[in-house]
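Chemist: From TrEMBL, for reference:
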{"type": "BINDING", "residues": "GLY171, ARG172, SER173, ILE237", "note": "NADP(+) binding site"}
{"type": "DOMAIN", "residues": "11-126", "note": "domain 'Tetrahydrofolate dehydrogenase/cyclohydrolase catalytic'"}
{"type": "DOMAIN", "residues": "145-290", "note": "domain 'Tetrahydrofolate dehydrogenase/cyclohydrolase NAD(P)-binding'"}
Amino acid sequence: MTAVPPSCQILDGKALAQKMQGELKQEIAQLVAQGHRSPGLAVLMVGDNPASAVYVRNKEKACEKLGMVSFGKHFPVDTDQETLTAAIASLNEDERVDGILVQLPLPDHLDAVKLLHTIDPGKDVDGLHPVNLGHLVRGEDGLRSCTPAGVMALLAEYDLELTGKNAVVLGRSILVGKPLALMLLEKNCTVTIAHSRTQNLADITRQADILVAAIGKPEFVTADMVKPGAIVVDVGINRLELGEGKSKLVGDVDFAGVAPMASYLTPVPGGIGPMTVTLLLANTVASYRQRLGL
Ligand SMILES: Nc1nc2c(c(=O)[nH]1)N[C@@H](CN(C=O)c1ccc(C(=O)N[C@@H](CCC(=O)O)C(=O)O)cc1)CN2
């Protein structure tokens, strides 16, 4: 990682993820010792997107490390909508399965939104079903999207004051931007969602006490877009091909340029990525407890 000036503190998602996963492992071991079955998670992947394959493998490994059972299914790229709908219906009925997740993105011929609607909301550990998004809008308990929930857990770990702060979320996806804006609002931030059509973007981002970048553009946020002392959260994960078979992982924030401006900053890798996986595991345990009445 690039050297960070003393005025900037790293928000260490990797460390918090390890701590939370250790706690989840203990919790599961206790439940199993009391005679309960292990929690189960089913990750559905379609096609051979290499990045998705790595993420799915990491989720399955994490699952097993914590003592959960993995019911993952890998479908060929030409799988049709009906086959996937039937697979989800069967997992909805399977008592051993507490969480169902469809790895995104899906191949273009598939309708991801329609598929997500068929997941039992009680097993929707990605928090993307309209019922769970509806609970979030209303400020009610429910399964919450993993990446935004991971951002909020990391901010909470460092005791960062959110009330009354100007938060700017760059990105309006259903996976990150929109649910994160609602979670920041719930913590009494004044929230702006900015996106690819926003005018005078740097004028808006420079107002942010908390700036979250989730737009999928490598190193898009530069120092001139950041208010001095801002908390900067980088949700982007972009692989840059460097030639000769080499590549580098970067976020949506120019880390080296922004670090001297920010008071807190998340790295890539080691920031929000590990938190996403951890919140998926935490959601699966929450769903398991709810389903077993524990
Ligand atoms: N159904 C979903 N699909 C996708 C989601 C999601 O939350 N739900 N998010 C992303 C991918 N993703 C999880 O699925 C994910 C991406 C990256 C990481 C991560 O830990 N990254 C590491 C670096 C890994 C590397 O070296 O490549 C890090 O940031 O430290 C976790 C989860 C899209 N799809």
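The backbone N, Cα and C atoms fix where each Cβ goes, glycine too.
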Chemist: If you count Cβ atoms within 10 Å of the Cβ of ILE237 (NADP(+) binding site), leaving out that atom itself, what do you get?
Modeler: 19
Chemist: The record names GLY171, ARG172, SER173, ILE237 as the residues that bind NADP(+); what is their largest Cα to Cα distance in Å?
Modeler: 16
Chemist: Within 10 Å of the Cβ of SER173 (NADP(+) binding site), how many other Cβ atoms can you find? Include all protein chains, please.
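Modeler: A 10 Å sphere around the Cβ of SER173 (NADP(+) binding site) contains 17 other Cβ atoms.
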Chemist: To what whole number does the mean pLDDT across the domain 'Tetrahydrofolate dehydrogenase/cyclohydrolase NAD(P)-binding' (145-290) round?
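Modeler: A mean pLDDT of 97 is what the model gives the domain 'Tetrahydrofolate dehydrogenase/cyclohydrolase NAD(P)-binding' (145-290).
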Chemist: With DSSP as the yardstick, break the domain 'Tetrahydrofolate dehydrogenase/cyclohydrolase NAD(P)-binding' (145-290) down into helix, strand and coil residue counts.
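Modeler: Helix, strand, coil within the domain 'Tetrahydrofolate dehydrogenase/cyclohydrolase NAD(P)-binding' (145-290): 53 helix, 33 strand, 60 coil.
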Chemist: Mind tallying the domain 'Tetrahydrofolate dehydrogenase/cyclohydrolase catalytic' (11-126) by DSSP state, helix then strand then coil?
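Modeler: Across the domain 'Tetrahydrofolate dehydrogenase/cyclohydrolase catalytic' (11-126), the residues distribute as 59 helix, 17 strand, 40 coil.
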Chemist: Among the binding-site residues GLY171, ARG172, SER173, ILE237, which have a Cβ atom lying under 6 Å from any atom of ligand 1?
Modeler: ILE237
Chemist: If we count other C-beta atoms within 10 Å, could you say which of the binding-site residues GLY171, ARG172 has the fewest?
Modeler: ARG172
